[in-house]
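Step one of this worksheet: look at the structure below.
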Amino acid sequence: MLRLARPLCVQTVKASKLSRLWSRPAALMSTLLIHHPQYAWLQDLGLREDNEGVFNGSWGGRGEVITTYCPANNEPIARVRQASMKDYEETIGKAKKAWNIWADIPAPKRGEIVRKIGDALREKIQLLGRLVSLEMGKILVEGIGEVQEYVDVCDYAAGLSRMIGGPTLPSERPGHALMEQWNPLGLVGIITAFNFPVAVFGWNNAIALITGNVCLWKGAPTTSLVSIAVTKIIAKVLEDNLLPGAICSLTCGGADMGTAMARDERVNLLSFTGSTQVGKQVALMVQERFGKSLLELGGNNAIIAFEDADLSLVLPSALFAAVGTAGQRCTTVRRLFLHESIHDEVVDRLKNAYSQIRVGNPWDPNILYGPLHTKQAVSMFVQAVEEAKKEGGTVVYGGKVMDHPGNYVEPTIVTGLVHDAPIVHKETFAPILYVFKFKNEEEVFEWNNEVKQGLSSSIFTKDLGRIFRWLGPKGSDCGIVNVNIPTSGAEIGGAFGGEKHTGGGRESGSDAWKQYMRRSTCTINYSTALPLAQGIKFQ
């Protein structure tokens, strides 16, 4: 699913060199994009050339300094001073104190605060969307849409704040009531990845807040400016409502900060979005202390198109799901299974559609396809294409690094591989689509389920019986099981997450709120009698 940024993606400078770095001559400082007139709007988000990456009611940071880069041209944007372990300890302490205030506020009033956060985000949606596009690399419409998703989740959470609760159940004993009580966990740690630096935090943050928790956020180092800008907006809302800023804290940092959160018993729930490999390490650290974790990990998603599929739906769905966000979505389609009777036609039409994709600067509203996030991602793309060729695949479209400033690669289609080729079962976070022929429903359902991940899946068919078999116990084993729509994109009203090596976590809608709370079963005796088991009586 979502990958954590690696250390290679950022320039790290020891804290001892901090003053020297931040007192560079003006000529050198002007190389940062934030100093260029066309990026002056960054200052409207409260950003500057040197930014503090810790917030716990006040801004600070005593850790290393990193520089974040624009994936479209690999130019430096600005610098961020990350959290030290001392900053982390101070932030945890302040967050815990803030919880004592936040937990006493009635849930509907907490919902009102979350609604105000959504309103504040809405006012900055264009600027934040541009920042997401600049620092992450996704096209502008996707960057704005991601902020809109956070706004929508705030609206959803505000309504949900009046509905959370447990049932009253029939008691077996006369004069007794049986009920469920739901209470907040306390401190929710949120570790997000680079590819959705706003929305995934929003899913967790909005629901965690209305359920009575405080939050500590560690975003990906390569999208630190997004984390800071979003936190500044939230902090203003909290300040205006006379609430402690530590209700929504931030500690920018790398793997050391994530490890500290995973091992810290004071973090009552850790929501982690990233690779399966790192997620497994996180899960083991949290489980070792009998903590709670919410994992959103790898996805190796498939679309299946049967002989009766409406190709006017299949083609745009496959295109959108394969190349959207340059193949860096957790729900990106990576495997396309086509019935043998339509395989050749669909591949030819897909190749034609790929040739019309407009590539360029992601903040240009006319562009549909932007860069990969880092140079490392480009290297992984090249390696995957070569592995696919060695395993018998044929690149029928793309497959090369583009001669373009930044981290651009060609959207790629590969045919001729067997369904269980090693490269097919390996998730590569890049726009590579593996296409296969199949003969019948039974075999293709098995192929869909044979990968270790289980996030998203979709079939295209008009056969009602097949649709319900797909949705049933012998159909898709994924957490998202679609019909006649792409694998990518998810409505906030449904629970988002996957099975198997995807981690089993659920975020956003439906009853995902339960993961942020603890349940108590309560028996209340409102009579004067005390019936005991097995008919025991006290004389």
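Using the three backbone atoms N, Cα and C, a Cβ is placed for every residue, glycine included.
Binding of (S)-2-amino-6-oxohexanoate is attributed by Swiss-Prot to Gly489, Ala490, and the same site annotation extends, among Thr331, Thr332, Thr374, Thr394, to Thr331. For the pair formed by Asn195 (site 'Transition state stabilizer') and Glu296 (NAD(+) binding site), distance between Cα atoms is given as 13 Å, rounded to the nearest Å. When the binding-site residues Thr192, Thr276 are compared by the number of other CB atoms within 10 angstroms of each CB, Thr276 has the fewest.
For the recorded positions listed here (Val278, Cys330), the lowest count of other CB atoms within 10 A around the CB belongs to Val278. Cβ neighbour count within 10 Å across all protein chains ranks Glu296 highest among the binding-site residues Glu296, Glu427. Within the set of recorded positions Lys94, Lys97, Cys330, Lys500, Lys537, the entry lying nearest in space to Glu427 (NAD(+) binding site) is Cys330 (CA atoms).
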